[in-house]
């Protein structure tokens, strides 16, 4: 398979999985086993495509918040987004300075996918018993910030899965409201993570030797696919539960756990 096709597929995969509760990092680590490992710079660029996608998909909501800061409800919402982001940033930096690294094997990813699927089913079951609420509390904001760090530390967990369901269990029980808040928090989080990673790469001597055509194709693919996925998901969860994603995660995790010993042998 050519490097260009590989880059295209990885870009599409990033766009498909970044916002669905199935773990983009986990899927990219799995895909790299067959499509080849790419540089950190390449991975940052395709995540930038996902960032652009969500900004475009939520542009009306972002504009409404920006122009409506005179209203107390909007100021309160933006402040809680900021607090969730700051919690992620501070705790995430502590974890990073402690020497955390992505796993080099797929077994932790497989377990995270499997356990995360079970978590989704259990969490939605209990959240479904709560009265439907769409108000973001400070407790929810702080918990979402912490959940983002957990998702970053354990690839396969999924940022959207961990954050949406912790928000629902803590009182933001309306699925669409939980997803809206989580996606809003994700925008500064992904911007900051990508910027920090680029700065670290620059300090270490540059951005590698990636083919710029491959990078551009992957970026565009991630942007287009991510935009479509966000718009679709926000409509889907208004009428449906996350069950299909939970089942997919459990099947994929179980399949990986069965395949890994055979592949090693």
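Each residue, glycine too, has its Cβ placed from N, Cα and C.
Swiss-Prot lists 38-58, 75-95, 108-128, 135-155, 181-201, 215-235, 244-264 with the feature transmembrane segment.
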For the transmembrane segment (181-201), give me same-chain residues lying six or more residues beyond its boundaries with a C-beta closer than 8 angstroms to one of its C-beta atoms, as numbers and ranges. 19, 40-41, 44, 47-48, 50-51, 54-55, 58, 61-62, 77, 80-82, 84-85, 88-89, 92, 136, 140, 144-145, 148, 152, 159-160, 163-164, 167, 172, 207-208, 230
Contact yes or no, the transmembrane segment (135-155) and the transmembrane segment (75-95), 3+ Cβ pairs under 8 Å, gap 6+: yes
Same chain only, please: residues at least 6 beyond the ends of the transmembrane segment (38-58) with a C-beta under 8 Å from a C-beta of the stretch. Say none if there are none. 7, 10-11, 14-15, 18-19, 24, 28, 32, 183-184, 186-187, 190-191, 193-194, 197-198, 201, 207-210, 214-215, 218-227, 229-231, 234
By a Cβ-Cβ criterion of under 8 Å, what residues six or more beyond either terminus of the transmembrane segment (244-264) are in contact with it? 20-23, 30, 105-107, 109-118, 120-121, 124, 156, 158, 161
